[in-house]
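Here's the structure, in structure tokens; my notes come after.
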Amino acid sequence: MGEQSKTKSKTTDTVHSPLLTYFSMISLLTLCPPFVILLWYTMTHAHGSVLNTFTYLNNNGLQGFINIWPKPSATACKIIAVYAAFEAALQLLLPGNTVHGPISPAGNRPVYKANGVAAYLLTLLTYLALWWFGIFNPTIVYDHLGEIYSALIFGSFVFCIFLYIKGHLAPSSTDSGSSGNIIIDFYWGMELYPRIGKHFDIKVFTNCRFGMMSWAVLALTYCIKQYEENGKVADSMLVSTTLMLVYVTKFFIWEAGYWNTMDIAHDRAGFYICWGCLVWVPSVYTSPGMYLVNHPVTLGTQLVLFILVAGILCIYINYDCDRQRQEFRRTNGKCLVWGRAPSKIEATYTTSTGETKRSLLLTSGWWGLARHFHYVPEILSAFFWTVPALFHHFLPYFYVIFLTILLFDRAKRDDDRCRSKYGKYWKLYCDKVPYRIIPGVY
Ligand code: NDP
């Protein structure tokens, strides 16, 4: 970390009200792990039908549920350990440009090595080569998926305890501190930029190199599984996988930009973000592909092309929203937005160490349509890689619904945070751009 200030920042405020924080934490802790297992079970053993799983649970009760919860087997642990070690090695060893993150609330400026694209390409090439040369068959991953999720659920929980202890005993920077409440510290995290040594950034690992990378790896796994089972890949699987891979490729091309977003620059490394990236992303985010493995629908060329073009367009617009904001900030407003000089608000704010800083808010382009318009194409992209599943079952759409709730909540959280950061300048932005997400509607 660069430019560290001397005082420790405290997390005295919760993002939501304390009641909601406790409620969401207890819900996440107790409901998410069984949900991940039930999702996997329903997709792989109950034909994707929630009704089938419900009937099974109704007939067999708690013992029936315990029976379907796979043990974290040695094979599963080995797969996770090799994958995690491989990704950690790539993160540390591959060359990359030095990139500076945004100035933190305590006035620090984290330094990163931007080698995400190389790590992404090398991961996918290695995985495909292992399969092609008969060294490792990805269907093993699919066949042990339940055990892998089970191991991830427990392993990630232990990892979050490690983060909590590290945050207390050996924080990596002054962007850390306790709220004085053990539950909030565990849930929201203690450190903004935890590192092992000087260079190994834990959030880059959990969010990008483990979580997002696993999405692409599992999307390929589902495709290969269907190919090995049926001797061909259905066009529904092909279009869904292609869109997911385009999305994850976009993510890694833009990874340094991601280091400027809420996940990295504002949310501390705790259960909420790290458990989510280590368990929820590999399971829930990849679930449309998991469903398609055993449901090879043929869509036909016209429909496939329509879904493909619409999905890529949404992914591109989402990318362009992020790019526009970051280009505007990087050039200090000296760029063109939709072919014109940008309209902007010059805002000031005070860091937790009392320094006054200046920042710019873009009020034209995508950011003039609504304050979080970029969530619209994000949600639509997810819809387009899910719709190849057609409408026989509800469960493949769980991710789209979850994402919609997550992003509407996130927009509110971000608005609240920006309001308290920028005060009257944020109010000015809200007056100029009154809609939060959907222009003219919300
Ligand atoms: P960002 O962090 O990119 O954008 C919000 C931040 O940008 C604000 O906190 C503020 O930070 C700054 N900002 C807000 N308004 C303006 C403006 N008008 N001009 C300049 N800066 C502004 O948002 P997200 O992290 O939510 O999203 C990043 C990407 O990740 C998006 O593409 C989103 O769709 C995607 N995403 C995907 C999720 C998924 O699960 N699939 C979940 C969440 C996000 P500052 O303090 O710097 O002013």
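A Cβ is built for glycine as well, from the same backbone N, Cα and C atoms used for every other residue.
Model, not experiment: these values are computed from the prediction.
These features come from TrEMBL:
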type     : residues : note
TRANSMEM : 20-41    : transmembrane segment
TRANSMEM : 117-136  : transmembrane segment
TRANSMEM : 148-165  : transmembrane segment
TRANSMEM : 204-224  : transmembrane segment
TRANSMEM : 236-257  : transmembrane segment
TRANSMEM : 269-287  : transmembrane segment
TRANSMEM : 299-319  : transmembrane segment
TRANSMEM : 382-408  : transmembrane segment
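The stretch with the most CB contacts under 8 Å to the transmembrane segment (236-257), chosen from 20-41, 148-165, 204-224, 269-287, is 204-224.
The transmembrane segment (20-41) is not in contact with the transmembrane segment (299-319), judged by fewer than 3 CB-CB distances under 8 Å for residue pairs 6 or more apart in sequence.
Remote same-chain partners of the transmembrane segment (299-319), defined as residues 6 or more beyond its termini with a Cβ less than 8 Å from a stretch Cβ, comprise 235-236, 238-239, 242-243, 246-247, 250, 254, 366, 374, 377-378, 380-381, 384-385, 387-388. Cβ atoms under 8 Å from those of the transmembrane segment (117-136) belong to residues 86-87, 90-91, 94-96, 209, 213, 216-217, 220, 224, 248-249, 252-253, 255 of the same chain, restricted to positions at least 6 beyond its ends.
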